[in-house]
């Protein structure tokens with residue numbers, strides 16, 4: 001029998017798989033985290049399956065068939081809106097937009113935040129100082145004010161919404177990643193890599209980035225819910241893309257068409273509860289992940 | 001000169017003989033340290049404020065396009081009229097001169113004129129500021145008190161039923177969008193139960209004397225404050241809880257217990273003061289969220305404050321008002337953080353060591 | 001007269017890896033006005049012993065046996081009585097005084113606090129006066145009353161801890177690694193201060209350290225602990241100079257006496273780590289690291305038996321009268 005030499009690449013992957021299994025086991029032991037994950041899975045499946053469950057034509061204002069602002073009935077289990085569309089259909093389809101915008105904005109924010117965090121921590125000097133000051137500045141500003149101001153001048157569309165939300169969300173990640181980068185930098189193996197002549201790019205991509213990624217993912221899980229909340233607030237204020245249906249825009253129509261004074265609870269509850277559930281599910285997952293990757297919090301299980 | 005001395009820097013000389021000079025030294029270091037500390041943070045805040053002015057100029061003058069189009073959208077104007085308006089508003093000057101004009105104007109309180117109200121923005125702000133301060137001030141005080149009170153007890157008894165219940169409630173309220181919670185509160189308490197007014201700050205038929213007015217405003221205040229507090233307190237609860245958790249297991253708490261203090265004395269006299277310090281900055285840092293909350297709450301309840309003015313100005317669109325409020329909201333959070341940093345110097349003896 | 005007595009004290013923690021025995025049947029006594037030193041590596045249970053006296057162990061710890069302070073069982077006390085005994089019956093000079101002092105309270109307030117807690121009717125002014133006197137007694141000027149802990153050096157903080165421990169005139173003072181974090185010169189000063197105060201006030205002292213040489217210079221009696229048990233006890237200088245347990249011998253050799261040329265040439269020490277409390281070895285728990293172990297050591301666990309005048313040792317080799325050092 002001959003033993004094949006293990007390539008460094010295979011070794012690295014084996015190590016990563018091993019650390020993933022360890023993290024997963026730590027995550028699995030937390031009940032709230034698992035509840036959040038199941039909840040999230042259910043919501044994502046419903047959002048993906050929306051076209052199979054309810055035809056998109058039901059969202060059309062002109063083809064609406066139901067009575068106006070009618071309470072739940074057999075044909076419309078969650079009632080209808082002011083033009084006679086099914087609230088159930090709107091809420092189900094709204095989930096796609098809310099999730100899409102929340103996730104995309106978070107990804108953009110995370111990419112900006114991580115890039116600035118790693119480079120400012122690694123390169124340091126004037127560049128690092130300026131990057132830190134700018135992210136501090138963004139952290140202090142009231143995010144909704146900045147978002148409203150930008151949307152007011154940029155115009156309303158899905159892409160501007162995403163850009164604006166990302167712009168007000170990246171700063172926390174920069175701070176976190178920078179701190180972690182500084183910690184990793186101080187470790188002996190990075191010193192060894194430097195001594196062996198590793199360039200900045202090699203150090204950042206091969207050594208620092210893999211070390212900060214788990215933390216970044218954990219914090220991203222907590223960024224998604226705030227992005228979703230921000231999107232819903234903006235859409236409710238009327239700053240969302242007028243051509244699409246999101247939970248916030250449903251509630252915007254509800255407000256504008258007197259759903260509260262008409263006591264139309266069925267119009268208000270489904271989209272609002274949907275936002276609450278998604279945000280809650282992400283928060284539960286995020287807190288559990290934080291406990292996995294931040295050993296100081298590991299006592300917090302339950 | 002000290003190169004040859006390998007030790008003696010980390011451990012100050014021990015013993016009675018060196019006490020007096022060492023005490024004097026540390027006090028001197030303290031006063032000059034505060035000057036440097038203050039300068040550093042005031043300087044940082046000044047740069048941040050300048051950055052706010054710069055970005056507001058950038059957003060509202062450069063991205064937003066020609067304000068003359070905004071001003072003249074309802075009536076046809078001749079090119080000559082346009083030029084006259086440009087000259088009047090100083091828009092014919094080079095960009096840097098416009099920027100200097102803008103900064104000097106803002107700093108001297110000249111915020112321009114509102115398109116929708118045809119009045120100086122400064123007057124509008126003065127008129128609406130009390131309503132905002134009343135709502136967010138009351139809500140903030142309640143949220144901080146409630147959050148800290150529950151947070152310390154929750155953290156002290158981590159994993160207890162009290163802790164689990166309050167963390168769950170807090171998380172639930174934190175997950176609810178503010179505007180939706182406000183709508184539900186109105187639906188339940190104003191529409192169904194009829195206990196409180198639906199919106200606004202006063203009823204038109206209230207006698208103009210002080211007490212009837214105060215009672216009327218207080219009555220209108222209940223639901224907005226309830227909504228606002230419900231959304232904001234959970235954040236404070238979590239902040240306080242986790243900073244108390246950081247203190248639990250500390251040696252000085254064991255000392256306090258060994259001295260024979262009761263459990264609640266150990267918590268209130270030793271753990272809470274230590275946990276409170278890191279919390280102070282976090283509370284002020286969270287002020288951005290407080291501004292967000294008050295904008296949405298004022299809008300839901302049609303509360304006549306600055307937040308609802310801001311939202312009202314989006315669709316007119318009243319850009320001078322948006323711009324002025326953008327600067328006002330942003331600078332208030334920056335100044336709040338500066339205030340927290342100065343306060344921190346006085347309440348935390350540890351910070352004076354590092355300067 | 002016996003001041004403090006441990007009778008078959010057992011403490012077990014329950015952790016994620018199961019039950020961890022920290023103390024496995026400890027019997028010790030401290031006579032009034034005398035000093036007992038307790039030595040051992042970290043993890044041997046000596047700090048658990050210190051914390052057990054005032055019942056400061058975490059709630060998860062299971063405690064059995066008796067701890068008699070002046071004849072009264074501390075483990076059977078109600079909370080009210082226990083709080084009254086804390087600091088007045090026995091007080092502790094904790095290790096690492098930086099973290100044992102409250103960083104945001106002034107020194108004066110911290111020293112005066114136990115006086116105000118235990119002596120009802122004392123005014124804050126009176127308590128402050130006494131705190132000042134205590135600080136002066138430990139060699140700190142009264143102006144230090146208004147300092148914060150971080151403004152003091154390590155030695156000064158340890159002096160504050162000592163002043164604080166004496167605030168309510170306890171019968172017993174427990175010093176838990178009180179000098180460990182200090183450099184050698186300061187350590188000597190603080191040790192001198194402690195032993196001076198003990199003689200002056202006639203209090204009992206239980207001094208815990210991993211440094212047997214420190215204990216031998218301060219204490220009347222010494223007990224050596226290993227894996228949650230006392231393995232040797234006797235007059236302190238004799239335990240240090242002429243150990244009757246191989247572990248005590250190794251512990252003594254780990255800290256060379258300054259000025260002793262023999263110690264410099266042959267720095268002792270002990271290979272290996274303390275045993276995992278979850279999986280203690282069969283027989284004598286020191287056997288895996290022992291150079292003189294015999295066959296019987298792997299089968300039976302040795303009891304503490306007399307091996308000389310006032311000397312007891314839990315070592316089969318020593319009990320046979322054989323030398324414990326190769």
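Every residue, even glycine, has its Cβ placed from backbone N, Cα and C.
No curator has checked TrEMBL annotations; they are predicted automatically.
On a predicted model such as this, the values are computed, not experimentally measured, just so you know.
Range with TrEMBL annotation transmembrane segment, chosen from A:34-54, A:55-75, is A:34-54. Your range for transmembrane segment, going by TrEMBL and the list A:193-211, A:212-230, is A:212-230. Residues 27, 30, 32-37, 39-40, 43, 69, 71-72, 78-79, 81, 87-88, 90-91, 94-95, 98-99, 102, 217-219, 221-222, 224-225, 228-229, 232, 247-248, 250-251, 254, 300 of the same chain lie 6+ residues outside the transmembrane segment (A:264-289) yet bring a C-beta within less than 8 angstroms of a C-beta in it. When the stretches A:34-54, A:138-168, A:212-230 are ranked by Cβ pairs under 8 Å to the transmembrane segment (A:97-118), first place goes to A:212-230.
Here the transmembrane segment (A:212-230) has long-range neighbours at 23, 98-99, 101-103, 105-107, 109-110, 113-114, 117-118, 143-144, 147, 165, 168-169, 172-173, 176-177, 180-181, 184, 275, 278-280, 282-283, 285-287, 289-290, 292-294, meaning same-chain residues at least 6 beyond its ends whose C-beta is under 8 angstroms from one of its own. Sequence-distant contacts of the transmembrane segment (A:138-168) (same chain, six or more residues past either end, CB-CB distance under 8 Å): 97, 101, 104-106, 108-109, 112, 175, 227, 230-231, 233-235, 237, 239-242, 244.
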